[in-house]
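Asks: A single structure is presented below for examination.
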Amino acid sequence: MRNDELLALDRAHVWHPYGPMPGRTDPLVVASASGVRLRLAEPAEGQDELIDGMSSWWSAVHGYNHPVLNEAARGQLDRMSHVMFGGLTHEPAVRLAARLVEITPEPLRHVFLSDSGSVAVEVAAKMCLQYWRSAGRPAKRRLLTWRGGYHGDTWQPMSVCDPEGGMHELWSGVLPEQVFVDAPPTAYEESYARLLRDAIARHADELAAVIVEPVVQGAGGMRFHSPAYLRVLREACDAHDVLLVFDEIATGFGRTGELFAAGHAGIAPDVMCVGKALTGGYLSMAATLCTSRVADGISRGEVPVLAHGPTFMGNPLASAIALASLDLLLGQDWRGEVRRIETGLREGLSEVSAIPGVRDVRVLGAIGVVQLDHDVDVPAATRAAVREGVWLRPFRDLIYTMPPFVTDDEDVARICAGVRAAAHAG
Ligand code: PMP
């Protein structure tokens, strides 16, 4: 199909994330992707391929078209690509669940395999609410979170997203009303720790759980915070009979320099969500893990089952690819690779703070963030990065990158050049 025809159909019929219909802008058309490069159907700003600085939103950690993942997909495709999970089971899902239990913090033991991050968070909320209902304490049905978070676009996740993010106003009266505390400061401050403790203590009778993104608040603002706050949450939750949920959908599988961000604090949550990089970005799959305490609690209730069962639960193709992706990740010095990218980002972004309009530059693991003192001119910043041969997706006041772990030093440097150009233009 010709590019202009394809774009006309796209504009007329296809919703894009947070987009209007009919569409107003022309997205770039990707013809194929390999390694860290997206090949465009038609050149843009003089470039026919772009280094992906986004890992397709935290997911494509091994890059695209990876021979090992392709092989895993092909092998599974010849056996079965999907089969229902009700009353049936299969090796890829069982092995994946066991592997996840093996690599996540110790008391997490039971795995619910779902089809997207948002659903994994819905399931986490259901687990927590149902746990307290089963314990004869149905009033414990609210969630506490901090501002500046993002947990997905379905109802429970939206209700714990940053209340300044727009969704709350639109859906006020429809979304469950949760308890919010201020976003955590970057460094440890005893006064903020006290605020967390007090809020949990004050609302304990109505709280099912605290849910947070550990160490990095992603799509809500790309902010980092001290892992010490996670220990404060753990202690306060234990002291006041509140469950603790970590949403590791963005941070999981090495992105922050620990396999899971909980590792920075040396603690375990009661419930944990993973997704995105789980399949190396190949297919949509996510998981919610919980402890035996949570699972047993649910089982003792009047309704002793977790009432959730998506059609594509435990999809064998996604499970087989996820297993291969985990083997690939853990079979290499992933920590060394993330550290190498961290060093490259620190070097490459070191001069960005001198650019007029830049408020802050921060790097953690394979995540680099430039925050402006104004909202980014997204089309201008995107074009400037594309001119450098780099794909970035700025939002609000942020230009940021989280490259695939296989990005070599030269390409990390080019990504940084793209971020710099975007910061100048934005
Ligand atoms: N939680 C976090 C921390 C996320 O970053 C995201 C996705 N950006 C989600 C949940 C939702 O995942 P999905 O888009 O797969 O539904």
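Cβ from N, Cα, C; glycine included.
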Asks: Need one residue: from ASP182, ASP247, ASP375, the one TrEMBL lists with GLY117, SER118, PRO310, THR311 for pyridoxal 5'-phosphate.
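Replies: When TrEMBL describes the pyridoxal 5'-phosphate site, the candidate it includes is ASP247.
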Asks: Please check each of the binding-site residues GLY309, PRO310, THR311 and report the ones with a CB atom less than 6 Å from an atom of ligand 1, ordered along the sequence.
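Replies: Correct list: empty, so none.
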Asks: In sequence order, which residues at least six apart in the same chain have a CB under 8 Å from the CB of ASP247 (pyridoxal 5'-phosphate binding site)?
Replies: VAL121, ALA124, GLY149, HIS151, ILE211, VAL212, GLU213, PRO214, MET272, CYS273
Asks: Let me know the most crowded of the binding-site residues, choosing from SER118, THR311 and counting other Cβ atoms within 10 Å.
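Replies: Per the Cβ count within 10 Å, the most buried is SER118.
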Asks: Out of the binding-site residues TRP57, TYR150, LYS276, GLY309, ARG393, give me the one sitting nearest to GLY117 (pyridoxal 5'-phosphate binding site) by CA distance.
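Replies: Smallest Cα separation from GLY117 (pyridoxal 5'-phosphate binding site) among TRP57, TYR150, LYS276, GLY309, ARG393: LYS276.
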Asks: Within 10 Å of its Cβ, which one of these binding-site residues (GLY117, GLY309, PRO310) has the largest number of other Cβ atoms?
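Replies: Its Cβ has the most other Cβ atoms within 10 Å: GLY117.
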Asks: Can you tell which of LYS276, ARG393 has the most other C-beta atoms within 10 Å, given these are the binding-site residues?
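Replies: The most densely surrounded of these binding-site residues is LYS276.
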Asks: Which of these binding-site residues is closest to TRP57 (substrate binding site) if you go by CA atoms: SER118, PRO310, THR311?
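Replies: Of the binding-site residues SER118, PRO310, THR311, SER118 has its Cα closest to that of TRP57 (substrate binding site).
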